[in-house]
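Some features that TrEMBL has for this protein:
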DOMAIN    7-322  domain 'Helicase ATP-binding'
BINDING   C145, C163, C172, C207  [4Fe-4S] cluster binding site
REGION    424-450  region 'Disordered'
REGION    1022-1057  region 'Disordered'
Amino acid sequence: MTSLTLKGVTVNFPFVPYDCQKDYMSKVIECLQEKANGVLESPTGTGKTLCLLCATLAWRERFKDTISARKVTERLKGEEMFSNTPLSSWGTAATDGDTPTYYTDVPKIIYASRTHSQLAQVIKELKNTSYKPKVCVLGSREQLCINPEVMKQQSNHVKVHSCRAKVSTRSCVYYNNVEEKSTDKELVNSVLDVEDLVKFGNKQRVCPYYLSRSLKQQADIVFTPYNYLLDPKSRRAHNIELNGAVVIFDEAHNVEKTCEESTSFDLTPYDVASAITAVDRLLAEQAKEASHGDTVSDFNVESLNSGLKLELATIAKIKQILLDLETVIDSYDVPNEVGITKPGIFIYELLERAHLTYSSKTAVQEALEQITGYLAGQPGVFVNTSGLQQLTNIIQLVFCGEPSEKEKQQQMETNTAHFKVHIHQDTSHQKKNQSMDVWASSSSSSSSKKQGNILSYWCFSPGYSMQSLVDQGVRCIILTSGTLSPLSSFTSEMRIKFPVSLENSHVIERDQIFVSVIERGPDGEQLSSAFARRFIPENMSSLGKTVANLSRVVPHGLLVFFPSFSVMEKTLDFWRANGHADRIETVKPMFVEPRGKGTFNEVMDGYYNKVNDPSSKGGSFFAVCRGKASEGLDFADTFGRGVVITGLPFPPRMDPRVVLKMQFLDEMCRKKAPGVKYLSGQEWYSQQAFRAVNQAIGRVIRHKDDYGAILLCDQRFKSSNARAQLPSWVRPYVRVYSSFGNVIRDLSQFFRVAQKLRPVAEKKGAAESCEAVCLSAPLSSCSTSCSPSQSSITQKAKVLDAHLPSLKRKRLNDHSGAAGMARICVEYECELQESQRRPANLLDALERGDHHSGEDEGAAVGEEKANHLSTLSLQCDKRMDDEMRGGKRKIKLVQQQKKSQVSEAVSGEGTSSRVKGFLAEMKKSLSQCNFEQIVQTLQTYKKTDDLDMLLTDTAVLTEDANTYSLLRGLYQFIRPHHKQRFDERCRDLTGGGCGYEPSHSLSVEEKKALLNSAAVRRPAVSVTPPPLHLQSAEHRATQQGRTPPEPEASHWFCSED
């Protein structure tokens, strides 16, 4: 641990910091001391997150120490305790001068990032520091609730109402334990992320959601996704106190978009129709009850609280408002594809025609919330309340503030100054979510059967949300990311002042980066993705030749980014038809980012495995700017030696929202408001393209020892204006080439020098690698220690853990940071070799099933889909399907057909379908946290052989009759000597047994003897085959000894041609 002093603050850092890290921490401390907003750009690989945490927490400790010093001085009545260290030396400025300060005034740190997975990485970094603050992670019920009855609800807002109903009647056992467990030492003294919090909740049977809210009050640092801060509804829901707080937005390149989207809405015809249907149903129900006079019958504890306290007349008024709103929106004759645009303040005029005004908003909102809560809480009755919830959100957004009659007009103008109303036709033809909504009724409102209009209310200034944070009294706001350039245009969009700014340098040297603008392809054709040229055959052909040639020069992994999916797909189709794809494929098998999420992890696995394959020359990954691969994935070292940008990804010029955004900015520029500088529409349009490019460029250099090439294959990059918008650490190295031959010459020389200066250990085969790792790894880890590439261990583990949740592993005994990480890395790198070994039994198979369940959910159709995945290599290489499933190898055994029932029963395919089928059913029936808990319990049972613990930890399956079958299904994983007892417990708990027979309790030796005896007496004696749960052990016995080899029962991912 290194200590250094920056601006009077002593910062403890895990290692000796680089100069760029010192500069970054100094700027952070400057923001905190001066109460100044800051925008700080520091490239990926410079330790930005660690610097941010250490600097912020060091300043906060200094703040507290200064308060302590002042209090001591007050006790001494002005006398100095230490003559050599007067009070002023303690940093009076840190506590805001002469203002009386108390410990309660110490600022809280609100640390926001885009997603919970990114926050989990930040918390891991925090654990590597010497600072031990009180921590809280905020999440939604979707992520934190563990009550099975709440989690089985279909939509998020129904879960919210269901939870509230249980909490208000104290009928949630998990919530009832919150007060008692919130002071638990394990909880208070630990740094827990969302996953850790859920595990703690399951272990202690306490609600993680309300625990996090409880922890928030005493926390020194609160971690939250940044939409919780920027969305006014979420901020109110989570009761985030911002007065005096330090607000940090990490990965802030997405903040602009989130600001605008969190304060915008689209109201579709289906939203309104579903709301009318829901109110209709309630009216019919209430009218029926009123006519029978039985409105107070059949109440249980929850229904007493959730009972509707609205008169029929009020419900009827709500229906009338909805009908009027539907009529008003559809009354506009909207031109095709163009729509009608009005100033933002028009929203009040439109809603007033549906009787929604500032004076009526409170009553309508309360009625909507009551109706939604009542319908959501009806047991066994499913009503789609999403439309009602959407209308509630709209009222909260549009009618914010509580102005007096005199101030109302001014309030309305202020609220809508940065908005536009846009009415356009609903061209979806299947209304929002209708095809997937299990509650959608064919008899819903007539408006759902015709094409109606969509009412959009769009915000066009991220400054609207930023200003609302400032109005909450925050101490300062820090925006930081690896790609914020150009900073001037970024800050002007935010409409608040940023006195502190930084465009940090990188930690790399000149010989680690090669940047070129490739103006022309090998055939001399000018390269351009401009709209007029992108699909010209000559341009696509030249680009294909360019990429094919680059793939021969760039070692290992090559990344190729296109402006959009449509451009990528059409270009790849052209390359396939004209032979360019074959040229690339022969050198670096091609992997293509899919549009959907379903096969993304599989494609990524295939790419990683191909790059790591010692017999290959690497792989090429084709992706789009602004896609998943460009945003979060880590292509460190060999996974990304070169990145090719094939064009500038401008937003779709004819999209109504893009058109209106540009018009809005041009209007603001013409107004020339004093003290506020706006981008022009064209400047914003250009900025969007370059920010996406910069984000994609950031994939290639990931740490101080990495090296790679950035290849800009579009002649438009040669202009000085375009180069000025690249990141500051890239600009000095940009070279423009008019001759393609010179590019190849210099690029080849760059990699020859880089590989000599920074050699990478050769990729080894499985056996050689396994031997090397096992010699250096602890004995306990040898069973899983095989590394195909020692050099990429650390970054590979980081890649998979951070960005492929389906491959996420539990942290091993993390006693010391380095040793613990080493063991994590070893386990990750062993994925390929470990999966090739045969599991010992069904418990082993289950463990694998858990690791791969995220990828294998569609296993039933996986084989058929193999040739349809958007990856050329899958069509060329039959084995790639297996590699894309985490390195699994499938072996199709051709052997003489045996008639023995035992042989048929032990087939690997049968075990495979049984285990995967059971996992799929369990995952579908349980919440994510309960599913993970059950799988973890089974894995613990495998290690400890403790049946009592298993029965205790699976008690959640006995709480609902619908999950009894899952409990009985666990019988197949129970060891023979426990089967009878487990069967008896199932009878006691569920009223039904598992089909236990005495033969199920046979030991391994007894089964061996039985099989051998059956083989000898087969002509005369018929042997009944043992049950399925014994078959893998039987086969293992036969493999070890005395019968010919047969397909392995538990090796449930085997079959490869």
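Every residue, even glycine, has its Cβ placed from backbone N, Cα and C.
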* Structure fact -> Row C163 ([4Fe-4S] cluster binding site), column other C-beta within 10 angstroms, all chains, value 23
* Structure fact -> Counting every protein chain shown, other Cβ atoms within 10 Å of the Cβ of C172 ([4Fe-4S] cluster binding site) number 22
* Structure fact -> Whole-number mean pLDDT, the domain 'Helicase ATP-binding' (7-322), equals 82
* Would you list the other residues of this chain near [4Fe-4S] cluster - those whose C-beta lies within 8 angstroms of the C-beta centroid of C145, C163, C172, C207 - in sequence order? => R141, I146, N147, V150, K166, V167, Y174, Y175, Y209, Y210
* Compile a sequence-ordered list of residues in the same chain as C207 ([4Fe-4S] cluster binding site), six or more apart from it, whose Cβ lies below 8 A from its Cβ; state 'none' when nothing qualifies. => L144, C145, I146, N147, C172, Y174, Y175, N177, V178, G201
* For C145 ([4Fe-4S] cluster binding site), what is the tally of other C-beta atoms lying within 10 angstroms of its C-beta? -> 28
